[in-house]
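Notes for the one structure printed next.
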């Protein structure tokens, strides 16, 4: 019986086996023999099984009801006493939790709805209890206790949504408490961030969402406290010279060649280059910075390290597209070449169009998309200056539809070629 694989995994496996066969690790023809045991699964049946429309609708309904409770509590209850408000919120909390517990065996979806609404009611109770009795305290403390209260419920119910909500509320507390403070207390996050990674790995079973959240927190911390704080004091952040290699070692060795951490580190490196050019050269370095980033993007598109081939290529493509488009505008060049900026922009635009046109002839989808975007960019630039706006927009719309159809036809051809191969 043949095993079903997704389109991506099927072609990945085929590529790897072909490489092994070419290197002599497999016998000639063995790749074809092994691949005959697999078929591409369109995923329609399985995907439909995994999607429960009723569960989605009930969850959305629970969120809306929960938000309505928060909105109701947030309004001015001039007619109620403080004790009445407290008792009302407590009754909502207990009532929804008891309803959720009662329906656990009868109707699991309905039980989850009651628990979700109860979690919102608990948050409202925590946030407003200080206001009702004038206890003071900061908002981030309320988020901390809200998260601490929701997280055990998520583990009890084995509910990923409640787990994530609880963790994100605690993250929100850490963000508000430590991220934007000026004193050294911000560096407490340096001790907390590794614990966040460990918590995700051992407790949350390596949740991809929390992994990216952890990486974002790390990225934001380094960006704010290592990059921008020194610049505010008119000092270049030379610490990056140590942090960037250390972060690469952490992701490569300790996190098993983590692609997200590598990408973050790559952006740190690019930011350090941009900061260095701006700090040591000044505003005049804008054109040079964009040009250097374009060259780096082109380089990463064609030259990669084997362990990070795909992310390097993707970052390179994104970088060269953004900077390539920027360099087609004359004013970008005028920072460095005030007199000849217009001519240089035209020359660069022609070269960049020809570069993409070379790959258009080979049917490369990404370059067809870039080429189409460049056509639209120049069309808009020229048409609005010389043509009536109504005609320009109509023609532009027709042109856009035509280009979109061309891109879609090319995409289908690429899919058919991969499936035939």
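Using N, Cα and C of the backbone, Cβ positions are placed for all residues, glycine too.
As the structure is a computational prediction, the values presented were derived from the model and not from experiment.
Feature annotations, reproduced from TrEMBL:
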- 20-161: domain 'DUF2157' (DOMAIN)
- 56-77: transmembrane segment (TRANSMEM)
- 83-101: transmembrane segment (TRANSMEM)
- 113-133: transmembrane segment (TRANSMEM)
- 139-157: transmembrane segment (TRANSMEM)
- 164-180: transmembrane segment (TRANSMEM)
- 186-203: transmembrane segment (TRANSMEM)
- 210-230: transmembrane segment (TRANSMEM)
- 236-252: transmembrane segment (TRANSMEM)
- 285-303: transmembrane segment (TRANSMEM)
- 315-333: transmembrane segment (TRANSMEM)
- 339-358: transmembrane segment (TRANSMEM)
- 365-380: transmembrane segment (TRANSMEM)
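Long-range contacts of the transmembrane segment (285-303) within the same chain: residues 270, 273-274, 277-278, 312-313, 315-324, 326-327, 332-337, each at least 6 residues beyond the stretch ends and with a Cβ under 8 Å from a Cβ of the stretch. Below 8 angstroms of C-beta separation, residues 112, 115, 119, 122-123, 126-127, 130, 163-170, 172-173, 176-177 of the same chain, each at least six residues beyond the ends of the transmembrane segment (139-157), sit close to that stretch.
Most Cβ pairs under 8 A with the transmembrane segment (164-180) among the ranges 210-230, 236-252, 315-333, 365-380 are made by 210-230.
The stretch with the most CB contacts under 8 Å to the transmembrane segment (315-333), chosen from 113-133, 236-252, 339-358, is 339-358. Same-chain residues lying 6+ beyond the ends of the transmembrane segment (210-230) with a Cβ under 8 Å from its Cβ atoms: 164, 167-168, 171, 174-175, 179-180, 186-187, 189-190, 193, 196-197, 200, 204, 236-237, 239-240, 243, 247, 260-261, 264, 267-268, 271-272, 275.
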